[in-house]
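Please read the structure below before turning to the comments.
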């Protein structure tokens, strides 16, 4: 939240390609620190990792959108690119990477740091591709626009445009619930130390996410209104994360150390549906960001969105032992229901904006061609 927001926001001023290269270097250094047993060195690695994560979630998308528009490509292709990126990157590659990491660490006996070394190698390859084949693009390139001024421009854009503010709130609510789910699904499925196949379940989640991204690509290809179908997606997400609350009261617990209970199986089904919603969410939110966020401060605004998200996750994890797990899931369900309401408002505001713009263009056309 602290370091990543600042460095990530420099992408608009210093160049998105340069920011993507900085991501590769930062994460390579972060991987190298894993070889040290010293806490201070490991903390430096986490700072580098935080910087890299902010760049990952802003600079690459900003570069892609700017380059796509600069080359005059069909806007619809952008939606398809986002869908394929989530299907291949967040799904297929994640599964293969997990299996490869397990092979290095366990089967080949290289130890728990080996996957980080492998990641550093892939990052170096990626950096070489970026250096050799990408062109540079920028946001606001004015000389007087320093970092403080960029933050002011971004804050003004969020405050003056309700669509951007709503989009940021929706993203924070959904991603905050998603990251909380990442930490809670294991104790939710094994409250009495039941034996559960963690690796198999994670792979199932990734397959569900791939299914969701495939559904999103079809929805976007049919040019359905993103603001409309995302209300349904958020509603389903809220219901699935409310399942642990329901099963806790209605389904009797299993024996300690046994197999997964019936309630656990119901929750697993709900969690797979939630992961499918996550697969739909990523390309859809990327599509909305490409529509609503102004080009001159794209990376800065996207990193602004991550400030409340990171704060939310920190507060939740700090208090994770203070509340029952059902309370945590109930809170996530409430946040997702709030996302439904805000998504509905975003659709109303965007429709009003389009209709107003269409009327203005008609009036202007009549004035120019009476």
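Just so you know, glycine gets a Cβ as well, placed from its N, Cα and C.
Feature annotation (TrEMBL): of 303-319, 354-370, the stretch labelled transmembrane segment is 303-319. Across 43-65, 85-104, 232-251, 257-282, stretch 43-65 shows the highest tally of CB pairs under 8 A with the transmembrane segment (303-319). Only pairs six or more apart in sequence are counted, and the transmembrane segment (199-220) with the transmembrane segment (325-342) gives fewer than three Cβ pairs under 8 Å, not enough to call it a contact.
Contacts between the transmembrane segment (85-104) and the transmembrane segment (257-282): present, as 3 or more C-beta pairs lie under 8 angstroms, all at sequence separation of six or more.
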